[in-house]
Amino acid sequence: MDPEVALRKIIHIDMDAFYASVEERDEPSLRGLPLAVGGSRERGVVMAASYEARRFGVRSAMPSATARRLCPDLLFVKPRFEVYRAVSEEIRAVFARHTPVIEPVALDEAYLDVTENLLGLPTATAVAKAIRAEILERTGLVASAGVSYNKFLAKVASDYRKPDALFVITPSMGPDFVAALPIGRFHGVGPVTEAKMKRLGIETGADLRAWDLERLRETFGSAGAYYHAVARGFDERPVRAHRVRKSIGAETTFSEDTAAYDILAARLAPLFDKVWAGADAKGMRARTVTLKLKFSDFAQVTRARSLSAPVADRVALERIGLDLLSGLFPLRRSARLIGIALSGFEQGEKEEPLQLGLGL
Ligand SMILES: [Mg+2]
């Protein structure tokens, strides 16, 4: 392993039951009750559940009808994203006091590289403690923190004793810790993969480690290399402070969900205009077109195409966008939102003209 990678100090911060905790903070009468943030309607979805609700088996991304069956007294509140976003900015300000190397993953979650920390605290654990205390003081909310020597283990650590926990996985603990870890607790192993692994006799990290790279690739495709690495406690992905993900996009949410191609294509038409006009006005020429569909259960898919030359005009944008859309058909569920974006911009400035040599 690269010695610099071995010396990294990474913290993963994850707010506990974030949306639900904000609602409890702002409405004390909700405290201690089983609470779900999300839509209570027939086709609503739970976006976050308080720990009280989780006791009944209520989970985020669960259909609200299912949640209500599990917990008949479940209280639903509508999400207030503008409040969550404001809290998110406050916690990022706390992170920024300690390190410039911050990779936000969600409104309530981020990786920090604190190999060098701005306040000169002696250890990463001390930084994590300070961050948790500052978040509580500034927002009245509780964060869990995981401290380790890579992102994978920091993420596992923040989840390990949640809620209201700080957990550290040191380099000497790492391999044994991963070996004992149930496969379902590996970040990147979802319920479907977990079931598949269990059918194959993989219950823990130790079982996973017994599989060689080739067999993992054959069985799990491109994820095989990741499983091979993390089964050994390896993860060399850096914390990415500045995601260069400039894009110009537009999206629209439907009043009624639909799975009909014609309707979706018609909804895209004004978005092509808007996005093309936006890029054109800035003189930006993009090589990548990305289509996004969000479904009624809030799952989403994106499809992108990158060209060797910039998208020439609005007609070309439309042709690529519709092609990406038709590639998603037939849809197995209805969509609630469609979006299109341009990215991969060419540098705007012209090349410097060649300096004609005057001779020596
Ligand atoms: Mg969270």
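Backbone N, Cα and C atoms are what each Cβ position is placed from, and that goes for glycine too.
Caution: TrEMBL annotation is automatic and unverified by curators.
Remember, predicted model here, so these are calculated numbers, not experimental data.
Annotated features, as they stand in TrEMBL:
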- Glu109: active site (ACT_SITE)
- Asp14, Asp108: Mg(2+) binding site (BINDING)
- 10-190: domain 'UmuC' (DOMAIN)
- Tyr19: site 'Substrate discrimination' (SITE)
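Note: Tyr19 (site 'Substrate discrimination') has non-local neighbours Val37, Met47, Ala48, Pro79, Tyr84, i.e. same-chain residues 6+ apart with C-beta under 8 A of its own C-beta. Screening the recorded positions Asp14, Tyr19, Asp108 for a C-beta under 6 A from any atom of ligand 1 leaves Asp14, Asp108.
Looking only at the domain 'UmuC' (10-190), the predicted model's pLDDT averages out at 94.
Within 10 Å of the Cβ of the residue listed as 'active site' there are 18 other Cβ atoms, across all protein chains. Shown in sequence order, Asp108, Glu109, Ala143, Ser144, Ala145, Gly146, Ser158, Asp159, Lys162 are the residues of the chain, 6+ apart in sequence, with a C-beta less than 8 angstroms from the C-beta of Asp14 (Mg(2+) binding site). The DSSP secondary structure for Asp108 (Mg(2+) binding site) is coil.
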